[in-house]
Amino acid sequence: MTRLLAFVAVALVPLAFAGLVVAAVSPAKSGVDRIPAAIVDNDQLVTQTAADGTKTPILAGRQLVTELTGAHSAGFSWTITNSKDAKAALASGTVAAILTVPKDFSRSIVSLSTTSPVRASIQITTDDSHNYLVGSVAQVVGDSLTSAFGSAITEKYLAGVYSSIGGIGGSFAQAADGATKLSDGAGRLSTGLTKLADGIGQTQAGASSLAGGVGQYVGGVSSLAGGLDRLSAGATTAKTKLVAGVGQYTGGVSTISAQLTQAVAALTANPTDPVAIGTVNALTAALAQAAQSGPSVVAGVNTAMTGLGSGIAQTASGAHTLASSGASLSTGTRTLAAGIGQLQTGATRSASGATALQGGATTLATGLEKGATSVPSYTSTQSAAAAKVVAKPVSAQVTRNHKVTSVPQIISTLFVPLGLWIGALAVFLVSRRVSRRTLSSTVAPGRIVLQGVARASGVTLVQAALLVLLLHTAAGVSWTLLPATLSFAVVMALAFTAFHHFLTLALGRTGLIVSILLLAVQLTSTGGLYPVQLLAAPFQAISPFLPLSYGVRGMQAIIAGGSAGTAVAAAGALAAFGLASLGLSLIALRRVRRARSLGLVPTGA
């Protein structure tokens, strides 16, 4: 029956391994949300001033922290703390990562709306001396976080851009209105200028008519002046000649008349006076001659009057020409006045159009200026830089303290403890149990236990030395760490040897099967390469009590250059585990001796 049970147990070992692994890692997909991480928010408040002067306080870091610590946040189990406590927690392994929001986070976010945008960044710090995988997980979480938060920021930025485009559209609408007014003013100016040109044409026609009238008027005035001059000259000549002729004529007549009067008086006094008669006859002849001169005087008067009439006729002709020119002059003057009126109307409309033109130009300039002011001015370099920042406004910088990049070194932190466990198992697999003679002797149980452990430890210590040598030669671990790695490996080897001694002493070869099953449990529950929070809750619960967990933890701290306290604590835990195993071996030995003494165990066993 015992052999059958042993056979069944051996047959179930592979199934146990596979089942434990599947059970442990099945909730790993949501396990990232259980990894403890700290948030340190150092962001400082900034004030953003809008174009209209409105001031808005911006605290982007708080918004980020709120989203991370919300009920639906993804990636890590976040706890808000300060820088000092966060560093202490990371050093001790209490938290797997620290997310730090720098003090210029909000300032960088606000800079997206300027011509010199700066990409905001968050810092995620992990420690390879506790977990190797967390660094990679943190990078993924950081990228996802910055992508989600950055997308929200980009969305708000684009909303602001489209809002600005609306404002620019308003400015250009104002500019378009100004352009319309400009066009209207230009049309009115064109109409006014057309009327002004028509008025100028009519003014030119009126001026030509006026010039012709003035010419005719001047000609008439010249003719009138000539006629008046000739009239004046003729009148003067006629007057002179007339006065002279009449004077001569009247003088002669007066002389004759006086002489005739004297002669008549003498003749009256003496009718026969021959002198008087001769005088009368002579005077009569003179009168006859004067009578003959009368027509000549009349002819001279007629000649003078004829010349005067001719001058008057010329004067009348000049006056007629002057009157005719005056009519032309009046017509030209009216045409000129009408043209001047149209000139005034056209000038008024031109002035109105020019005013509207000026107003439209001012509105256009204002709108274009506002539009130009609203449009940021970028150089090609600035445009490329701004595009990169807007496309990814937030970046995550992951810093791995005690960084280990060598794959062999990473693997060694697990496989050195694992190798020492399997090595101890192999030693007791080929070693004999405590002999019947020894059990029946009076040798003290403590001595028997120590002798058994010592014999096995001789081999396991050699195994430890070989593994440490491989660690420094093949894995490339610094030789300066040899004292630490060798000392820790020795402690592990002794502890695992003591434990396997207990299993074989208490359970015989069945204890070796138990060792294999325990190895399966430990491989699925031990952290180091990955956070234990990725595992199912039962495996997380037992992880702190497993010896392999301390072996991995201590070796990892040594290789990564982490806290010496971590390695010392792990070594202490392993030493305690080894001592406990020795104590259990004593108990098991006493029970075996008692059972043999009572005959419960076959003597041949």
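Glycine too: its Cβ is placed from the backbone N, Cα and C atoms.
Nobody curates TrEMBL annotations by hand; they come from automatic prediction.
What you see is a predicted model, and the numbers here were worked out from it, not measured in a lab.
Quick look at what TrEMBL annotates:
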- 9-135: domain 'ABC-2 type transporter transmembrane' (DOMAIN)
- 374-587: domain 'ABC-2 type transporter transmembrane' (DOMAIN)
- 1-23: signal peptide (SIGNAL)
- 410-431: transmembrane segment (TRANSMEM)
- 452-471: transmembrane segment (TRANSMEM)
- 477-499: transmembrane segment (TRANSMEM)
- 511-536: transmembrane segment (TRANSMEM)
- 556-589: transmembrane segment (TRANSMEM)
DSSP puts the residues of the domain 'ABC-2 type transporter transmembrane' (9-135) at 55 helix, 31 strand, 41 coil
Residues outside the transmembrane segment (410-431) whose C-beta sits under 8 Å from one of its C-beta atoms, at least 6 past its ends, are 132, 404, 455-456, 459-460, 463-464, 467-468, 471, 475, 477, 489, 492-493, 496-497, 499-501, 503-504, 511-512, 515-516, 519, 522-523, 526, 528-529, 548, 551-552, 555-556, 559
Report, as numbers and ranges, which residues of the same chain sit near the transmembrane segment (452-471): CB under 8 Å and 6 or more residues beyond its ends.
-> 412, 416, 419-420, 423-424, 427-428, 431, 434, 477, 482, 485-486, 489-490, 492-494, 496-498, 500-501, 505, 559, 582, 585
